[in-house]
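Scroll down for the structure; my scribbles are underneath it.
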Amino acid sequence: MIVSSYRMPGSAPANGEATWPKDVGVIALEIYFPSQYVDQAELEQFDGVSTGKYTVGLGQARMGFCSDREDINSLCLTVVQRLMERNGLSYDQVGRLEVGTETIIDKSKSVKTVVMQLFEESGNTDVEGIDTTNACYGGTAALFNAVNWVESSSWDGRYALAVAGDIAVYATGSARPTGGAGAIAMLVGPNAPLAFDRGLRGTHMQHAYDFYKPDMASEYPVVDGKLSIECYLSALDRCYSVYRNKIHAQWQREGVDKRFSLEDFGYMVFHSPYCKLVQKSLARLVLSDFLSHPRSNTETGPFSGLEAFREVKPEETYFNRDVEKAFMKASTEMFDQKTKASLLVSNQNGNMYTPSVYGCLASVIAQHTPQHLAGQRIGLFSYGSGFAATLYSLRVSQDATPGSGLDKLCASLCDLKARLDSRRKVSPAMFAENMQLREDTHHLAPYVPQGAVEELFPGTWHLTRVDEKHRREYSRRSLNDDLPLEAGLVNSTTATEQHIPSPVKKMPRLPASTAGPEAVTVSNGDH
């Protein structure tokens, strides 16, 4: 028998992995959320709904929101500059920048092109990537593209930046308390403290009108709440099944004889429209583990007392209260161990759309020591309506020594709770006025925002005006205003001491700027 050595075009050579950069993933992560929030218990009273509807039923405590001073461009400008400053990076060290968002304020001009104004002083215009859009999944697609670029023949040795940002607002009604706002920036490269598990992604894509934004003149979506939950849970089922099959196949190739279950994740984080759905989602994965192990022990252990559910069909249980209640009870301990800590930002700030799952990741990192995280596998489920979903995993570096990449990542997020607590509480009436102002002035031109700049966090980019041609101009609030939030934030003029070298070689450093941060004003272009 003659065995052909021919390989299909595009297939990797047998030794292909040896040439790939090692441990590509997230090196640094920065999060931004607005400086103001509304209390959900007070909002329940203001809206005249039953006590606990938002706080217990949805699991939400506070909801961050933007004044008319902030838009998707300003959010992304802020989070990218903060990431660069806090990590002592120069803009010529970045070779790819991609923004994931569903907050569209222009049908042609990308948010990425606006953010490129931060690169002008460096002279670096050789930056690949553009905006990626599909509801809450766009940030994950941007991150995957960043990782794929570093692992491809296109990589030139520089870092990639994946940015996710959104302003989640709803019309008055039952969906409004599931809003929020924020942005995440992630620095991607090799030798990362959060490395992608290569080949371990379970994806499900399908057409549905569960949540969509057909009215280009409005920020508000059209939502089919029940269908949206069904799509989310069905995507979770399928993604987990695909992931589990892939890791079983990988383990078989490695000679490992075991079955995968949730116990193999140190932490499990989810896209979080609201916290209670995340708790139900973990219970859903316990149900999947139970049904995939037909001989699992129902006398003792985690599946104790669940024998009655042995024959249920997953697709018939999305709204089965008996199944939900039984498996939420069975998963209580696992939820406390693997998922509860991830809900800090979601509970305190609300749904950020594309950054949501990465806010959950940041929450895990912020509340654990490097030593506790070292060597763990973190599962992430990302969902975007319409719909698109992926379940994948990151491996945390084993190196937790002082000064290691993991140590620096944890240190950069250790003030996360203090930053959340430093925000200003706004009354529900003032929140409603802000929402009405946004609605009335959405896409209005010319327009000068009314929100107070001094109420923004120091270092926040903000909208200064929209001219008659809809061209937007921005300025940055000074970093010199002293607030607890900024304790960990360094000015770019002193950032060289914390400099992270480029992955392949050190890139040229820019001279320290003598101009104050408030002196900079940018626009979204004059074309």
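Every residue, even glycine, has its Cβ placed from backbone N, Cα and C.
Annotations in TrEMBL come from automatic prediction, not curation.
A quick note: this is a predicted structure, and the numbers were derived from the prediction, not measured.
The feature domain 'Hydroxymethylglutaryl-coenzyme A synthase N-terminal' is assigned by TrEMBL to 20-193. What TrEMBL records for E102, H271 is active site, proton donor/acceptor. What TrEMBL records for C136 is active site, acyl-thioester intermediate. What TrEMBL lists as domain 'Hydroxymethylglutaryl-coenzyme A synthase C-terminal' is 195-477. Marked as region 'Disordered' by TrEMBL: 492-527.
For the residue listed as 'active site, acyl-thioester intermediate', the same-chain residues 6+ apart in sequence whose C-beta sits under 8 angstroms from its C-beta are E102, D166, H271, P273, Y353, T354, S356, V357, S382, Y383, G384, S385.
Shown are the active-site residues E102, H271; the one with the most C-beta atoms within 10 angstroms of its own C-beta is H271. The average pLDDT computed for the domain 'Hydroxymethylglutaryl-coenzyme A synthase N-terminal' (20-193) is 97.
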